[in-house]
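Participant: Quick one: this structure, given as structure tokens, is what I'll be asking you about.
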Amino acid sequence: MIVSSFRTSTAIFALIILRVGALETFTAAVYEHTLILPNTTVTPVSLDDALLLMNKNIDILEREIKQAAKQGAQIIVTPEDALYGWTFTRETIFPYLEDIPDPQVNWIPCQHSDRFGYTPVQVRLSCLAKNNSIYVLANMGDKKPCDPHNSTCPPGGYHQYNTNVVYDTEGKLVARYHKVRGAAILSWFVPIHLLQYHLYFEPQFDVPEKPELVTFNTTFGKFGIFTCFDILFHDPAVTLVKDFHVDTILFPTAWMNVLPLLTAIEFHSAWAMGMRVNLLVANTHNIGLNMTGSGIYAPQSPKVYHYDMQTEMGKLLFSEVDSHPRVSPAYPAAVNWHAYATTIKLFPVQKNAFQGFISRDAFNFTELFDNAGNLTVCQKDLCCHLSYRMLGKEENEVYVLGAFSGRHGQRRREYWQVCTMLKCKTTDLTTCGWPVDTASTRFEMFSLSGTFGTEYVFPEVLLTKIHLSPGKFEVLQDGRLVNKNGPSEPILTASLFGRWYTKDSSSIPGGTSNSATTHLAHTYFIDDGSFADNVMG
């Protein structure tokens with residue numbers, strides 16, 4: 001009982017410290033990095049060669065971290081795979097890995113470089129944070145030895161993890177996160193019997209035994225962390241916001257843009273709005289793999305974003321962000337995503353509705369024949385309603401209203417509900433749902449809603465040439481996505497992207513989890529007066 005009382009008192013004292021001198025806003029930075037990639041090899045390189053390659057990338061990150069600090073940034077996010085890329089096997093990634101300890105060890109690598117063995121990358125990252133008085137998030141590889149005789153131990157005797165690390169302004173390791181869901185890059189075939197170990201499409205890395213929920217506190221808010229494909233699932237993404245009440249998510253990614261619904265800036269800005277949380281996104285820049293799109297997104301609107309498919313240049317972004325957006329006067333109200341759509345009379349359902357595909361998903365579509373109108377299209381239990389008025393209908397452009405309700409993609413794991421108004425690639429209706437990046441049609445008004453069965457809906461509006469439209473649309477409390485402040489720029493797609501997590505399939509190892517997941521929490525005190533939570537579920 002004495003120990004419990006001491007811990008409670010310590011926690012209360014620490015929270016008081018955090019509130020005193022807490023900042024209402026902070027300056028955030030994200031860096032979109034063009035990697036120096038290693039040569040593809042079937043045999044591992046030496047430790048020296050691996051470190052040489054990583055240091056070349058860290059040299060670039062160092063320049064940007066210093067610039068961010070000079071501009072007053074208090075925290076910077078760098079991308080997933082930024083130190084070495086992604087084309088590896090389990091064996092060839094190994095020289096790039098270090099053993100990353102639990103942050104509870106209270107370690108400043110810059111001051112105690114030999115405490116945990118060979119850790120040159122951690123030491124350098126720690127020194128970058130310390131010497132520039134800035135929080136730094138970096139993505140690197142972690143290795144953990146395991147018993148080869150244990151059935152859960154992968155071949156080679158190590159667990160290998162795609163890992164985010166965060167260092168505070170003193171260079172202290174304050175957070176470590178192991179990625180749960182694999183990336184969408186398939187470098188080679190992964191035998192099915194090895195999926196018990198590997199992240200999907202990342203055979204060099206393992207799935208953690210349990211999904212990790214990692215947070216840390218600062219004087220400018222509470223932060224949560226996850227990586228890339230994790231954002232599409234309930235754990236850790238939703239749980240960090242709903243149960244742990246983080247103010248800001250740090251999100252390194254190597255995101256391949258997929259039109260029309262899943263470009264980086266489109267979906268990430270929508271996720272921030274749908275979850276009503278700050279989201280700091282640092283993407284890898286590789287136009288050959290359609291990787292670009294970083295940003296700083298607030299609950300009400302994007303602050304700043306970058307999308308560049310023309311050059312190979314990296315980009316550093318800054319913005320002032322509310323430390324505690326929930327208490328900001330601009331914080332958006334909660335949305336009942338089906339309130340409007342379930343109470344109105346169905347608009348006319350077109351007799352010539354047809355089926356089309358977005359990726360592998362069969363949507364029901366109906367064409368916007370007229371300059372203005374009211375339309376409904378349904379699939380299963382989802383009905384999508386659209387009211388619209390064009391400034392002028394372009395004869396060479398076709399728009400459709402689409403509905404999809406079901407498990408997505410080849411794996412049929414994630415349950416989506418989507419209402420979308422989109423431009424078809426050509427006037428041939430079989431091209432509806434194909435990628436298209438330019439448009440000419442402007443809408444004087446639109447109102448999109450749906451009878452969603454989930455509370456997790458993300459509002460997307462993507463304009464011609466892959467641009468966002470800050471301040472030009474809003475979500476009403478009854479679930480309608482509407483334009484505001486006059487006619488829109490030409491629209492590629494306006495969508496309500498729903499995720500029904502409780503209907504996901506978890507048949508593949510590392511599959512989705514939902515709100516029924518049990519979590520084990522470990523909260524510990526850090527000497528600088530902040531907390532860090534490392535929660536596994």
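Using the three backbone atoms N, Cα and C, a Cβ is placed for every residue, glycine included.
For reference, TrEMBL lists these features for the protein:
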SIGNAL    1-22  signal peptide
DOMAIN    31-323  domain 'CN hydrolase'
ACT_SITE  Glu80  active site, proton acceptor
ACT_SITE  Lys179  active site, proton donor
ACT_SITE  Cys228  active site, nucleophile
Participant: For Cys228 (active site, nucleophile), just count the other CB atoms lying within 10 A of its CB, please.
Facilitator: 27
Participant: May I ask for the distance between Lys179 (active site, proton donor) and the residue listed as 'active site, nucleophile', taken between their Cα atoms and rounded to an integer number of Å?
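Facilitator: Roughly 8 Å, rounded to the nearest whole number.
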Participant: Count the Cβ atoms, other than its own, that fall within 10 Å of the Cβ of Glu80 (active site, proton acceptor), considering every protein chain shown.
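Facilitator: A count of 26.
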Participant: Does DSSP put Lys179 (active site, proton donor) in a helix, in a strand, or in coil?
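Facilitator: Once the DSSP labels are grouped into three classes, Lys179 (active site, proton donor) ends up as coil.
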Participant: Round to a whole number and give the Cα-to-Cα distance in Å for the pair the residue listed as 'active site, nucleophile' and Glu80 (active site, proton acceptor).
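Facilitator: Given the Cα positions, the residue listed as 'active site, nucleophile' is 8 Å from Glu80 (active site, proton acceptor).
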Participant: Where does Glu80 (active site, proton acceptor) sit by DSSP, helix, strand or coil?
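Facilitator: Reduced to three states, the DSSP call for Glu80 (active site, proton acceptor) is coil.
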Participant: Three states by DSSP: which one describes the residue listed as 'active site, nucleophile'?
Facilitator: helix
Participant: Within 10 angstroms of the C-beta of Lys179 (active site, proton donor), what count of other C-beta atoms is obtained when all protein chains are considered?
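Facilitator: Its Cβ shell of radius 10 Å holds 29 other Cβ atoms.
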